[in-house]
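Novice: Per TrEMBL, the features are:
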COMPBIAS  1-13  compositional bias 'Polar residues'
COMPBIAS  14-26  compositional bias 'Basic and acidic residues'
REGION    1-33  region 'Disordered'
TRANSMEM  74-91  transmembrane segment
TRANSMEM  97-117  transmembrane segment
TRANSMEM  138-157  transmembrane segment
TRANSMEM  196-218  transmembrane segment
TRANSMEM  267-284  transmembrane segment
Amino acid sequence: MTAISSSQSNQTESLKRRFETSKGDKNIGTQNVNKIMNGDANSSDVHLPVTEIHLKSHEWFGDFITKHEVPRKVFHSSIGFITLYLYTQGIEYRNVIKPLAIAFVNILVLDIIRLNWPFFNNMYCHVVGLLMRKKEIHTYNGVLWYILGLLFSFYFFSKDIALMSVLLLSWSDTAASTFGRKFGHLTPKIVPNKSLAGSLAAFIVGVVSCLILYGFFFPCFPHLNGPGVISWTPETNKLSLLQLSILGGFVASLSEGIDVFNWDDNFTIPVLSSIFLSFVIRIFKID
């Protein structure tokens, strides 16, 4: 952790010097770097100048990538659909832990290399630039937090909780970001950088996700779930499907809106949603 903090500190100072010698308002450039490197929750809205990073994809498509993040959100949302497909194919969810761990190590190694080798970083960013936020050019990839959050949920929790954490991260987080950016200025702020519009979107999508998983997929594929594998069923819990879904929406909204030590929400959403859902289901479990 000390090495990472030192590396980020050096990157911050380097970026400040570059901004101060670049064209335009020097003070604005320095402020933007501070916001990005300090992990501001809205730092994705503060973009590095195209002249600094030279990502052609960001130059060609502009706001399509840098502001609306369409390719990133499409990929983000697709994880939920891929997860449901793998479930229907009988893939044991705990068998995914090893590939996720391998992916985490590989991406971490690549990040360490690229952050210390500008030439490789330049090539790397040109290959996957469509899926990257500009702040990730000089910091660790958000995918690392995404995988780490899923590893936590898949390792410590039951099958249904793990799958729900994926859906909430994939769909509710995307909905909150999309509607928060679009309509957030029309609604009050619940907490700094989190609007009512985004939280409502996360809640609604969370409710729908819970209904889809517990109300459709689990009943339609009962042969894929052994005894006790699913923590909530109508026979073993006092909560109805609708009540559980509403609580699922609340958990989605809450975990998306909470700022925990400025950690990446790709990590906090699956972790907090898994903990909250598991706790609620256990409270109302029929003895």
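Each position is counted from 1, following the chain as shown.
Heads up, the Cβ atoms here are built off N, Cα and C, so glycines get one too.
No curator has checked TrEMBL annotations; they are predicted automatically.
Each of these features: where is it, how hidden is it, and who are its neighbours?
Specialist: Outside the transmembrane segment (97-117), and at least 6 residues removed from its termini, the chain residues within Cβ reach (under 8 Å) are 7, 11, 124-125, 138-141, 143-144, 147-148, 150-151, 154-155.
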Novice: Determine which residues of the chain contact the transmembrane segment (196-218) at the Cβ level, with the cut-off under 8 Å and only residues 6 or more beyond its ends counted.
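Specialist: Non-local partners: 80, 84, 87-88, 160, 163-164, 167-168, 171-173, 175-184, 186-190, 225, 230, 232, 241, 244-253, 256-257.
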Novice: Give the nonlocal contacts of the transmembrane segment (267-284) in its own chain as ranges (CB under 8 Å, at least six residues past its ends).
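Specialist: Long-range Cβ neighbours of the transmembrane segment (267-284): 145-146, 148-150, 152-153, 156-158, 161-162, 164-166, 168-169, 172-173, 231-232, 237-239, 244, 247-248, 251-252, 254-256, 258, 260.
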